[in-house]
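The transmembrane segment annotation in TrEMBL covers B:15-34, B:39-59, B:65-85, B:97-116, B:150-169, B:176-196, B:202-222, B:234-257, B:263-282.
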Amino acid sequence: MIELFFDPTLQTVAMGTAAIGAMAGFIGTFAVIRRQSLQGDAISHAALPGLAAAFLLGARSPVVLVLGAALAGWVAMALVGAFSLSRRLTFDAALGGTLAVFFGIGLALLTYIKKHVRGAAEHGLERYLFGQAATLRESDLWAVLAVAGVAVAVVLALWKQFQLLSFDPDFAAVQGWRVRGLDWLLTALIVLTVVIGLQAVGVVLMSSLLVAPAVAAKQWQHRLGPLSALAAVFGAFAGFAGTIGSHLLSEEGRTVPTGPMIVISATAIVGVSILWALVRPRLVRKAVRST
Amino acid sequence: MILFPHLGPELNETVYLMAAVAAACAVPGVFLVLRRMVLVGDAISHVLLLGIVLAYFVVKDAASPLLFFGAAAVGVLTVALVEGLQRTKLLKEDAAIGLVFPFLFSLGTLLASMYLRNTHLDVDRVLLGSAELAFRDRLTVGGRDLGPRAFVLLGGTFVVFVLLIALFYKELKLCTFDPGLAAVLGFLPAVVHYALMTSVSLATVAAFDAVGPVLVLAFFAVPPVMARLLTKRLVWMLVLSVILAVTAAVTGTLLAIELDITIAGTVAGVLGAMFAVVYLFAPRAGVLAEMIRRVRMWREFHETLLTVHLHRHAGTPAEAEESRVDGLHEHLNWTEPQTAAVVRRAVANGLMVRAGDCWKLTDTGRKRAEEIVGPRLGERGASAP
């Protein structure tokens, strides 16, 4: 048990997933407050064709692949925004339809690559589907930290604007802020977070990392500052605990995937938080009655 | 029966199978779209993996029909869980969905990868579906081959859906468009709601083998959305959804076979392409139709404004100046080319005529102006009947 923490590979992976979790928790807070929790789900699915297209066009370096993924995710969100302006389309249908169509095209491209591009197998594009935290290297860790640093810096620099955008976009517009532009910037940050996390935790699970820490933090805090900070802490903890947990549960010949373990840890935090939020009012009432 | 002779019997069956997936998903999809519950469908389709795995633990038989109902039950339970979480008022619907389904999906993948290695339930295949292999799983009754299991299942589901809708059309319509009134009239919208959720779960499980949990969402959402852009009537929406979905499924499958790529993904891509066409060119709700309507409104508005201007000054001392042919744009504060264009259309539409250096309203033009500003002062008594 103790020697576990001195295994340098595991250390890197755990710190990487913790960093991804922290970033997702922090940025995800805004998505949850704006009732766009499922944005992450759509982006992570929609990123796939971008990844595959970048690969088909000859890109092999992870940075370019991730940029392709980000571009596709961002295009998908722009499309969803445009579709939901139409009077006969609703947001949920636009989001669900776009997500599935993009993902389908991505899968079609992936199978094409597998059959027609030589040497595609060793690049392991499929790890972006299911996520393989174990492939995180030290260089990946630095990349995650750098991107997270940029994202956090942007949010902090525009804190007031994002706060207003999250809680009262109409007032923000009346005040003369460029709500559209801010909205796109925030979406871009979410896209960035998702594509950075994709290869570690996979498509479906990335969306959970955006939502769960923020939902848990909301049960403890109401002010945006502490809320997003707490969400970051929860996200980091979920990433760390999930990695260690999957390592502990794995045995010879049976590996427990890391991504699902991270999601389960994150959901466990939410479960505790929600139980506390349900019990707390009763405790308070009891205390008031007894005084 | 072989509709595509160049493909051989197996691929023909694959084409029919995809058509059945499309038809069986399009029907409940219409109601998902109308009730704004597409993302609930997304959640249901993801958790079915857990349902299948759990049911497999119980019956230990990957071919058992109990797997089918076990999975569907988990889908309905998910909906109940999401609604229960919402009812605590601690989190909103989107967050509840975004929380519940990745969790249950994770449990599903975890259990599958830990305990079901090398069994019939292969994780990749379960996640992505494989229409290519689905025809191998046959349904035989008393030694007679009835066709691929998934096809029979989906065909059956589709027929049941159509019968149910025919029987309860009025109730479904009312509960979809006005659940409040439906409740007041005693139609039990909650029952209809859960019946719909069960249908969605059943359609998803039936389609699962062929298309997997993500792409099934394309079948639920895209055809009804296209139909919605083409019609406002529920019956036509249902019929069009099925037709469009089946068209996409057949085209996509043939294309995928041609290119040798994944069938389910290609069909989703074809659905996307069809949607793009409908979205742009739908006769009334399409982007192009909307643009044409805007231009028309813009033109009509400016013509009307012009008639109002001429009408206001008709018979006043300033009329000669205000309706001067070469000075009109200054009075209206428009640019010269714009004014010229508006005048040209107004003349063509018979709203005004040229009288020397001035423009004069015709009777039609006067009527148009009076629709907006009413008769001129002093003419009210005269024009009243």
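Just so you know, glycine gets a Cβ as well, placed from its N, Cα and C.
By the Cβ criterion (under 8 Å, sequence separation of 6 or more), the transmembrane segment (B:150-169) is in contact with the transmembrane segment (B:15-34), since 3+ such pairs are found. Recorded stretches compared: B:15-34, B:65-85, B:176-196; the one with the most Cβ pairs under 8 Å to the transmembrane segment (B:202-222) is B:15-34.
Using a Cβ-Cβ cut-off under 8 Å and counting only residues 6 or more beyond its ends in the same chain, the transmembrane segment (B:15-34) has close neighbours at 3-4, 7, 40-41, 131, 134-135, 148, 150-151, 154-155, 157-158, 161-162, 165, 172, 176-177, 196, 199-200, 203-204, 206-207, 210-211, 216, 219-221, 223-225, 227-228, 234, 237-238, 241-242, 244-246, 248-250, 252-254, 263-264, 267.
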